[in-house]
Amino acid sequence: MNVYVEKQGANGIEGRLTAQQLNAAKACIFAAEVAIKESERFAGIPALSVPVAEPIRHAEALIQQALALEPVQGDRAVYQETAAPKSLKTELKQALLSGISFAVPLIVAGGTVLAVSVLLAQMLGLQHLFDQENSWLWMYRKLGGGMLGILMVPVLAAYTAYSLADKPALAPGFAAGLAANMIGSGFLGAIAGGLIAGYLMRWVKNHLPPEQQIQRLPDLLSVSGHRHLRRGQPDAVCGGRARCVDQQRADRLA
């Protein structure tokens, strides 16, 4: 009996099962806490779903339990290998459409918030609050503008990169989108940054040595950067407030 393992983690799908292995499989065990990617490949195969740590504790028992499963009713789907590699044009098109598809909900939500704020101002005669800084209607309008102008560009870049290199490209793509916002390059900058991040992370995955430490480097850098960002935000806010207080005191003394 042969056992084949396909990993779906932070580096995407590793050790992908071949069509021959899937078509000859007697059963499969899903040890996961999240949704399985491309689960349609396993259609018709008797499946057993368990927590992630279960195969480590009771490997042999799980295999016997999976082999004892009853066959799935109906015709079993025959999985075939994918066609030839995609052309560069097709790959770029799919990456761009993937990024747009994830950005569309933000566009819709932001536009809806802006429309509702305008409608409230017109119906209830709140035009004075619409432009009054720090009023509730002004902040509500800014929420929609923030979705449209700030968050949408990083999401577009992040999922454009994700389409090319899976999870490791999400954080670099998001960073590229933030950079596009900072320099004012907008959608074009987000698309270019997402493509660069995606192809760069794909190169890293395919060409770096296979040692576990090297493979985990992008994830470790992403986590470390996120932690430093979270820690730096309170410092920046407190530092900014402290400077304002000092300036006010200086003005009073003057």
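Heads up, the Cβ atoms here are built off N, Cα and C, so glycines get one too.
Per TrEMBL, the features are as follows:
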- 1-68: domain 'PTS EIIB type-2' (DOMAIN)
- 92-254: domain 'PTS EIIC type-2' (DOMAIN)
- 95-122: transmembrane segment (TRANSMEM)
- 143-162: transmembrane segment (TRANSMEM)
- 174-200: transmembrane segment (TRANSMEM)
Original post:
How does the domain 'PTS EIIB type-2' (1-68) divide up by DSSP, counting helix, then strand, then coil residues?
Top reply: 22 helix, 14 strand, 32 coil
Original post:
So what's near the transmembrane segment (143-162) in sequence-distant terms, Cβ-Cβ under 8 Å and 6+ beyond its ends?
Top reply: 95-96, 98-103, 106-107, 109-114, 117, 169-178, 180-181, 186-187, 189-191, 193-195, 197-198, 201
**OP:** Check the domain 'PTS EIIB type-2' (1-68) for me and report the mean pLDDT.
**Re:** 84
